[in-house]
């Protein structure tokens, strides 16, 4: 079997569909999505609220079941994997950034970035060294021992970015990553996020409703009413 690192296509999605029951009615959220993202590519998933962006990220992030279609990550067909194998893919190959940071409140900035590495099996020394590197790269060298409540919103989100990149994921999924920040702070966080993603060679899918943000990515696909309707 090929190593995951040998696959140029980080993720291949074919005919992905998702529907929910609402009383006697079935609400179709995703309607047959096809998408390929290559190693190192940064993709904007553009669409208004309710278009299905978050549902799509939950599906390809292996955070929810109930989908039909095919999701292939680094050559592994997700539908054929058991829960333990899916968890291993999330841990080893995926990183997540959300609109709200979801940092652990009782852990310092440094500890929040060390934790996913320790779970993956890194030694405390390795985890600390890499966490230092990421946080320093994000201009947080003076905030390593600060707890989330002691950080500004922009600083919290930069720690969340460092945590998402801590295990050098093949694919980072970001859902409106600057949506909770003012425009100036959001621009700074996005710039630093994209710089680090490119430096690591990760691919990324960034969901946004903001065309100005989307134009900073390598490629834009537009999601409307559960369908990919255009690409540029």
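Yeah, the Cβs are placed from backbone N, Cα and C, and that goes for glycine too.
The ATP binding site annotation in Swiss-Prot covers 47, 48, 49, 50, 51, 52, 53, 54. Residues or ranges marked as domain 'ABC transporter' in Swiss-Prot: 11-232.
Feature map: Swiss-Prot annotations on the structure.
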residue: 47; record: ATP binding site; contacts (Cβ under 8 Å, 6+ apart): 53, 207, 209, 222, 223, 224
residue: 48; record: ATP binding site; contacts (Cβ under 8 Å, 6+ apart): 209, 224
residue: 49; record: ATP binding site; contacts (Cβ under 8 Å, 6+ apart): 209
residue: 50; record: ATP binding site; contacts (Cβ under 8 Å, 6+ apart): none
residue: 51; record: ATP binding site; contacts (Cβ under 8 Å, 6+ apart): 223, 224, 225, 226
residue: 52; record: ATP binding site; contacts (Cβ under 8 Å, 6+ apart): 18, 29, 30, 223, 225, 226
residue: 54; record: ATP binding site; contacts (Cβ under 8 Å, 6+ apart): 175, 207
Taking all protein chains shown into account, the Cβ-based neighbour count within 10 Å for residue 53 (ATP binding site) is 21
Given the ATP site 47, 48, 49, 50, 51, 52, 53, 54, its other Cβ neighbours within 8 Å of the Cβ centroid, in chain order, are 207, 209, 223
Residue 47 (ATP binding site) falls, by three-state DSSP, under coil
